[in-house]
Amino acid sequence: MQPAVEFQHISKRFGAVQANRDVSFSIAEGSIHGVIGENGAGKSTLMSILYGYYRADSGKLLINGQQHDIRNSHEAIDLGIGMVHQHFMLVENMTVLDNVMLGSEGGFRLQKNRKQLEQQLRDICQRYSLDVDPLDKIEDLSVGVQQRVEILKQIYRSANILILDEPTAVLTVQETASLFAVLRLFKEQGKTIILITHKLQEILDITDEVTVMRAGTVVGSVQTANTNKEQLAELMVGRPIETHLPRAPYAPGETVLDVKGLNLINAQQVSLLKDLNFNIRAGEIVAIAGVSGNGQSELLEVLSGMHLPSSGTVSMQGKPLPFAGRKDADGLPATFRELGIAHVPEDRLRDGVVKNFSVMMNSFLGYQKKLGKAFGLLDYKTILKTCNELLSKFDVRPADPHLRIALLSGGNQQKVVMAREMASSPKLMLVGQPTRGVDIGTIESLHARLLAMRDAGVAILLVSVELEEVRALADRILVMSGGCITGELKVEEFDATRIGLLMGGLHKH
Amino acid sequence: MNQADLPRWATAFALPLLNLLSALLVAAGVIYLLGESPLESLGILLNAAVFNPEGMGYTLFYATTFIFTGLSVSIAMQAGLFNIGSEGQMYLGGLGLTLVLLAFDASLPTWLLIPLAIAGSAIFGAAWAFLPGYLQAKRGSHVVVTTIMFNFIAASLMNYIIVSFLIPAGEQNTASRVFADSAWLPKLNGILPILGETPLNISFIMALLALLIYGIAVWRTTWGYQLRATGLNQHAAHYAGISISKTIIIAMMISGALAGLASVNSVMGSTHYLGLNFPAGAGFIGIAVALMGRQHPIGILLSSILFGALIQGGFDLSLEKPNIPTETFIFIQGLIILFCGAMENLYAPAISALLKRKEK
Amino acid sequence: MMFDDFQFSSILVSTIRNAPVLMFAAMAGLFAERSGVVDLALEGKMLAAAFVSAAVAYATQNPWFGILAGVGISAAIALLQGFVSITQKGNQLVAGIALNIALSGLTFVLAQFFFMQGGRTPDLGSARLFDIVLPGSDAVAGIPFLGWFYTKLIGGHSALVYLAFALIPLVHWILYHTRFGLRLRAVGENPHAADAAGINVERTRFMAMLCAGVLCSFSGAYLSIVQSGFFLRDMSAGNGYLALTALVFGNWRPLQTALGCLMFGFFAALQVQIEGVVFPGLGKVPGSLIQMIPYVVTVVVLAGLMAKSVAPKAIGVPFVKSR
Amino acid sequence: ADPKFAVIYDAGGKFDKSFNQSASEGAERFKKETKIGFMEVQVASDTQTEQVLRNLARKKVDLIASIGFAQAQAVQNVAKEFPATKFVLIDGVAKGDNVSSVLFKEQEGSYLVGVAAAIASKSKKVGFIGGMDIPLIRNFSCGYVQGVKATDAKVEIVQNMVGTTTSAWNDPAKGGELARAQFERGVDVIFAAAGGSGMGTLQAVKEKGKLAIGVDSNQNYMYPGSMLTSMVKRVDQVIYDSFMQMKNGNWKAGVAYKGLKEGGVDWALDKDNRSVVSADMEKRVNAAKQDIISGKVKVVDFRDANKCPV
Ligand SMILES: Nc1ncnc2c1ncn2[C@@H]1O[C@H](COP(=O)(O)OP(=O)(O)OP(=O)(O)O)[C@@H](O)[C@H]1O
Ligand SMILES: Nc1ncnc2c1ncn2[C@@H]1O[C@H](COP(=O)(O)OP(=O)(O)OP(=O)(O)O)[C@@H](O)[C@H]1O
Ligand SMILES: [Mg+2]
Ligand SMILES: [Mg+2]
C-alpha cells in the first residue's frame with residue numbers, strides 16, 4: 001500500500017543549529033505512527049515542515065505518493081493535513097465556535113454559518129464523546145478542554161493526516177484516555193495519525209509503528225509490537241535509562257513549612273484554595289497530585305510570594321511568612337527567596353524566563369540582588385563562570401551562555417530554570433510540573449537531582465499531574481481537588497485507582 | 001534570511017549606512033523636483049552643519065537637547081513604556097529651573113545657582129512624569145495615552161503660567177525676564193575659540209556624561225537588569241521578585257527628569273529666558289532619536305548628532321536656496337527615521353546573498 | 001457674560017460636527033490595530049489626505065474628486081506603512097512616527113510648490129462639500145425642539161458626517177459578523193493560531209491597513225473640504241493622536257470607540273462654551289486652563305472608570321514564524 | 001553699492017495672511033520700486049533667531065527686519081555685537097543705537113472695528129476669536145471691547161481662544177468651529193485675530209451669512225460681502241519706509257509707537273465691503289477715529305497694566 005506521508009532526505013537548519021539532517025521515513029496510511037526523540041531532536045521542526053510552517057532547505061515530501069511543495073499551512077490544510085501543535089493554536093478571546101470556524105468559514109457573512117456550525121459541533125461532540133460547549137470562550141476553558149477544541153477543529157475539517165505534537169503533555173490520565181479513544185476512532189475511519197510524545201507507555205499503548213530521532217536524524221523505525229520501553233529509550237538517548245533511582249531511606253527532619261487554614265478567594269469571589277493545612281519537613285518530598293486547574297498553581301504562587309492569600313498563616317521554620325499588611329504581592333517573591341524558598345514555576349515561558357535575555361542573563365533571574373557589587377554593578381565575570389558551570393552540570397544543549405534562551409528547546413529551557421533554582425541552595429524548593437515536555441533522558445537526570453536535594457535535607461513541594469513522576473519522587477502524596485486537599489497517603493500506599501478517585505473530588509475527610 | 005546570519009560589521013555599519021543613503025536618495029529626488037541641484041545642496045548642508053566649526057558647534061548644541069530627550073524616551077522604553085510625554089516634561093523642566101533662577105539669580109553665587117537650577121529642571125520633569133507612571137503602575141492606564149494628554153495639559157498650564165505670571169510688566173514677548181549673567185551656562189567657546197559664537201555649552205558635557213551613566217546603569221547594574229526584565233516580561237519580573245510598580249514609576253520619573261534636563265541646554269545655555277513653547281518639538285525628536293539609536297548610548301549619540309546636523313544644515317540651506325523651504329528637512333528627517341529605524345533589514349537579504357556568493 | 005448663556009443645544013450640535021474627524025481616524029486605527037499593527041501614523045495619513053483632497057478638489061472644482069484622490073493617497077500611504085511594518089517587520093511605532101514627520105514636511109513642501117501660499121491651498125469656494133438639508137426642513141423649522149432637532153442636530157450636516165455615524169454599525173458588523181472581521185481579529189490576537197488555521201497573516205494585515213487608509217482619508221477630507229475649505233500645514237493638529245486615545249478608551253471596540261470620539265467632541269464643544277463664563281465662587285476661569293478640560297477628563301476617566309483596557313494581544317509585534 | 005536687506009519672519013511664516021505676510025508685502029513693494037532685492041528666512045525657535053541674525057550680520061546685510069516680539073531678545077543680543085548693522089524690530093522693543101523698535105497701537109484700530117461691529121450687530125452680540133491667550137492678542141480684544149462698549153453698552157461680547165500651542169495659529173477647523181459655536185450663542189459679527197485659524201472663522205462666517213472682521217492685512221477681498229471690515233496693521237508700510245530710509249540714508253534708530261495718528265493701524269473700507277458698511281456706520285467710525293487722533297478718546301493699552309478696563 002502507498003504510504004500516506006513520505007519524507008525523503010529532508011534537511012533544515014536554523015542559524016548554527018541543524019534541526020533536521022537528511023531525514024527519510026514513511027508513514028503508512030491508516031496507521032498511528034509515533035515519533036520520539038530527545039528534546040531538540042528535531043521532531044517539531046519536521047512536523048512543521050510537513051504542515052507548511054517551515055520550508056525544508058532540501059529534500060522531498062510525498063503525500064499519498066505525490067510530491068508536494070507545501071509552502072504554507074493553507075496548502076497543507078488543502079491536502080487534508082491537520083496539526084495539533086505543542087502550544088495550542090487558539091485565539092483566547094474568541095469562542096470555541098469561532099476558533100473552529102477560523103480559516104474555513106464558508107462564506108463572507110458568518111451569521112448563518114455560525115448557526116449551522118454550532119449544531120454540527122454539538123453533533124460531533126456527542127459522537128466522539130467530547131464535552132465542549134461551542135459557545136464558551138477559550139480563555140475560560142481548562143487546558144484539557146482546549147485540547148479537545150483542537151481535536152474538534154481537525155474533525156470539523158475532516159483532516160486525513162493528523163499530526164499531534166505532544167498532545168498529552170498537559171493532560172490527565174483520564175483525558176489522555178479519552179483522547180486516545182478518539183484517535184482509535186479516527187484510525188477506524190482510515191485516517192493517518194502522527195503522534196509525538198515523550199511518554200513511552202503511550203507509544204506502546206496506541207501506535208502501530210514508531211520512528212526514533214536523535215540530533216536531527218532518524219536513528220530507526222520499528223514496529224511497535226516488536227519493541228519495548230527499554231529498547232526505545234536506549235534508541236532515543238543512546239544509552240540505557242535507569243528507571244528506578246536510588247534514594248536514601250525516609251528520615252525527615254524538622255518542619256520547614258507549615259500551612260494553616262490557608263484560603264484564597266479571587267476577585268470574582270470564587271474560592272480557589274479552601275482551608276489548606278499541611279506541612280513539609282526537611283529532607284522529604286511532598287507531592288501534590290491532582291488534575292490541573294484544581295488549585296495547585298495558586299498554591300505554588302502563594303507559597304512563592306507571587307500571590308497573597310485571603311486568610312490563613314504560612315510559617316517557614318516557625319516564623320510566619322510576611323503576607324500581613326500588604327495590599328499586593330508586588331516585589332514579595334524577593335523576600336521569599338531571601339528566606340530560602342526557591343521556585344520552579346509551572347509555566348516556564350511565562351514566569352520562569354525572560355525570552356529575549358540570553359541564557360546567561362536568565363541564569364540569575366530572581367537572584368540579581370545578590371550579585372550586585374558596589375553601586376549595584378553586576379559582576380559579569382563571575383556570572384559567566386557560574387553559568388557555564390551550570391550549563392555543563394545540567395547538560396544544557398547547546399551549552400552557549402550567550403544564546404537567546406527562546407532558541408533553546410523547551411526541555412533545555414527547563415534545565416536552565418531548574419539549574420538556577422537548585423543552585424541557590426534553598427531550604428524549601430517549590431517545583432511545578434518539572435518535567436512537562438521533557439524527554440526521558442532529561443527526566444531521569446532532573447529526578448536524580450531532586451532526590452539528591454531531598455537527601456541533602458531540603459524540603460521539597462512537588463506539583464505534578466504525572467502520577468508516574470509523583471510515585472517516583474514523593475515521600476508523601478497530597479491529592480487536591482476543587483481547591484481542597486482531598487486525601488493524603490504515603491508513597492508505599494500508592495494506589496492509582498484510589499488517587500484517581502480522590503482527584504475526582506470523592507473525598508472523605 | 002535575517003540579521004543573525006550577517007557579520008557584525010554588516011549589521012552595525014553597512015546596513016544603517018545603506019539605509020541612510022536610501023533616505024538621502026529619496027530626499028535628493030525631492031530637492032531635484034523643487035528645482036535645485038541635490039549635490040550642491042548636500043555640499044551646502046554638510047558645510048553648514050559639519051565642516052564649518054561654528055556650524056558644527058550649532059549641530060552639537062541642538063544634539064545636546066536631543067541626547068537628553070532621546071535618553072528620556074530610551075530609559076522608559078527599557079522598562080517597556082512608550083513615553084510620548086518628553087515634550088511636556090521638558091517644558092515643565094524649563095519651568096522648574098526658571099523658578100529657581102527667578103528666585104535666586106540675584107542672591108546666590110553661580111556655583112550654587114546653576115546646580116540648583118539644574119536640579120529644579122530635573123525635579124519638575126520627574127514630577128510631571130510621576131502621575132502617568134503612577135497611573136500606569138497602579139491603575140493600568142495606558143502610559144502612551146496619558147503622556148499625550150499630559151503634553152496638552154502642560155502646554156495649557158505653561159501658557160497660563162507664563163502669560164499670567166512670568167511676563168514682566170510692559171513686555172511684549174511671551175517669556176519670563178532674562179536671567180542674571182550668573183545663571184548663564186559657561187559656553188565651550190571659552191575653551192575652543194574656533195567654535196565662534198555658538199551657544200554650545202557645558203550641558204553638552206553633561207549629556208555625554210548622561211549617556212555613559214545610562215549605559216552603565218542599564219546594562220551593568222542590578223537595577224538596569226530589573227528594568228529590562230520588567231520591560232521584556234512582566235510575569236517573569238514579578239516572579240523574580242522585582243516590584244513592577246516601583247520599577248515603572250521610577251523609570252518614568254527618571255525619564256521625566258532626563259526630559260527636564262533637556263531644558264537646561266535651551267533655556268540656560270541659549271535664550272536665558274523661559275519662552276512660550278520653547279521645546280519646539282525636541283521631545284518628539286527624542287522619540288525618533290531613541291528609536292533610531294536603538295536605545296543604545298552610542299546610537300543615541302549618533303542619531304542626536306544626525307538630527308542636530310539636519311536642523312542646522314537644513315536651516316542654512318534654505319537661507320541660500322529659497323526654493324527649498326525648511327520644511328523639506330522635516331520631510332527628510334521622517335525619511336531617515338523610516339529607513340534607518342523601521343526598515344533596518346531592507347538590504348539584509350541582498351548583503352547576505354552577496355556574502356554567500358563570495359564564499360563560494 | 002452670565003451662566004445662562006451656556007447653551008446645551010449648541011454644545012450638542014457642535015459635538016456632532018467635531019466628532020467625525022476623530023471617528024473616521026479612530027475607526028481606521030481600529031482596523032489596523034485589531035489586526036495587530038499599531039497605527040501611530042493616523043496623523044500623517046490625515047494630513048496627506050487633507051492636502052490631496054483639497055488640492056484635487058480645487059484643481060477640478062469638484063469635492064468628490066478631491067475625496068476620491070484623498071482615499072487613494074491615504075490608502076497608498078497605509079500600504080507603504082504595511083510594507084514597512086508587515087513585510088519588512090520593522091518597528092511599527094517608528095514607522096508611524098516617521099510617516100507623521102515626513103508627511104508633515106512633505107505636505108507643506110508640495111503645497112508651497114504648487115500653490116505658493118505658504119503651505120496652504122487656495123480657498124475651495126464652491127468646491128467645498130455642501131451641507132445636506134433634510135427634506136421638509138422648512139416645514140418643521142419653526143416647531144420648538146423638533147425644529148432644532150431635525151434641522152440642526154440631525155440635519156444640516158455634510159455627507160461625511162452621516163457617513164461617519166453610519167460607520168459605527170457597519171464597522172461593528174464587519175468586525176464581528178464577517179469572515180474578514182473574524183480573520184482580522186484572530187490575526188491581531190494570535191497570528192500563530194491564525195496561520196495554523198491556514199490564514200495568510202500578512203495578507204489579512206494588509207487588507208486591514210487598506211481599510212485603515214481609506215477610512216483615515218475621510219478624516220483628512222473632512223478637515224480640509226468640509227470644516228475649513230482649504231488645506232493648511234499641520235491642520236490635523238493632534239487629532240490623530242486623540243483618535244488613538246479614543247481607541248484605547250473604547251477598548252478597541254467600535255461602539256465604545258465612537259462613544260470616546262463623541263466624548264472628545266463634546267468636551268471640545270463644552271470648552272468653547274464655558275470660556276468666559278463666570279462661575280459662582282470661581283469667577284472667570286482663564287481660557288488656557290479651560291483648554292485643558294478634554295485632556296484632564298481623559299486622564300481621569302482612564303484612571304478611574306476604564307482602568308483596564310485590553311489591547312489586542314499581538315499588537316505591535318511583527319509576525320515572525322519562529323520562537 | 002545698494003544696501004543689503006533681509007527679513008526674518010517668526011514662526012507664523014511668510015504666508016500667515018497676517019503680519020508676517022504684511023511685512024513681506026512691504027518688502028516686495030520696495031523691491032519692485034527700487035529693484036533692490038532682499039533675503040528672507042523663517043525661524044522656528046528663539047535660538048535659531050539669534051543664529052540667523054548673526055549669520056546675516058556677518059554677511060554684511062545692512063538692514064535686518066525682525067518680525068514678531070519673539071525676536072526681541074535675539075535682536076538686542078546681536079545688535080550689540082554688530083554695531084554696524086541696522087535692525088528694525090516689529091512688535092517688540094530691543095535696546096541698541098542701531099535698532100528701530102516699532103510697536104503698534106492695535107487697541108486703537110481694534111476700537112474702530114469694535115465700533116463698526118456694535119453698529120452692525122442686529123443681535124447685539126458680537127464675538128472675538130483670538131489665536132492664543134497672549135498679551136498681544138489680549139490687546140486686540142481689549143481695544144475691540146472698548147469700542148463696542150463705547151458705542152452701545154448693551155452689546156455683549158463672546159470671546160474664545162483657539163488653543164495654547166503654536167498649532168493654535170494653524171487650526172482653521174477649530175477657528176470655524178468656534179465661530180459656529182458663537183453663532184449658536186447669538187453672535188452675528190466676529191473679529192478674528194488668530195492667524196491661519198482665522199481663515200476658518202472667516203469661512204464659517206461667510207457660510208452662515210454673518211459678518212466677520214479681518215486682521216493685520218486687509219482681508220476684505222477674501223469674502224466680499226461677508227467681511228464687515230479689517231483691522232489693518234501697516235507692518236508693510238513700516239518695512240517699506242524703513243527700507244526706503246535706509247536706501248536714502250536717513251534711517252533712524254529708536255522706539256516708535258504707531259497708532260491711528262501715525263497711520264500704523266486703521267480700519268479698511270474698500271469696494272469689497274462697501275456694500276455692508278452703511279453711510280451712518282462710516283460716519284460714526286470715522287468720527288471715533290478723529291476722536292482718538294485728537295486725543296478726545298483715549299483707548300487703553302492692555303499691556304500697560306496687563307488689565308482691560310471693561
Ligand atoms: N525557529 C528556530 N530558530 C532557531 N532554532 C530553532 C528554531 N526552531 C527550532 N530550533 C532548534 O532546532 C532544534 C530542533 O527543535 P525542535 O523544536 O524540532 O525539537 P523537538 O524535537 O521538537 O524538541 P522537544 O522535544 O523539546 O519539543 C533545537 O535545537 C531548537 O533549538
Ligand atoms: N561576558 C560579559 N562580560 C561583560 N559584559 C557582558 C557580558 N555578557 C553580557 N554583557 C553585557 O550585558 C549586556 C546584555 O547582555 P545580554 O546577554 O542580556 O544581551 P541581550 O539581552 O541579548 O542584549 P541585546 O539586546 O543587545 O542583544 C551586553 O550588551 C553587555 O554589555
Ligand atoms: Mg517539539
Ligand atoms: Mg517539547
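The backbone N, Cα and C atoms fix where each Cβ goes, and this holds for glycine too.
Feature annotation from TrEMBL assigns transmembrane segment to C:6-28, C:40-58, C:64-86, C:93-115, C:154-175, C:206-225, C:231-249, C:261-282, C:288-307.
In this chain, the transmembrane segment (C:64-86) touches the transmembrane segment (C:93-115); three or more CB pairs sit within less than 8 A of each other, excluding pairs fewer than 6 residues apart. Here the transmembrane segment (C:231-249) touches the transmembrane segment (C:40-58). Their Cβ atoms form 3 or more pairs under 8 Å, with each pair 6 or more residues apart.
For the transmembrane segment (C:6-28), the partner stretch with the most Cβ pairs below 8 Å, chosen from C:64-86, C:261-282, C:288-307, is C:261-282. With pairs at least 6 apart in sequence, the transmembrane segment (C:206-225) and the transmembrane segment (C:261-282) have fewer than 3 Cβ pairs within the 8 Å limit; the two do not touch. If you look at the transmembrane segment (C:288-307), the same-chain residues 6 or more away from its ends with a CB under 8 A from one of its CBs are 245, 248-249, 251, 263-264, 267-268, 270-271, 274-275.
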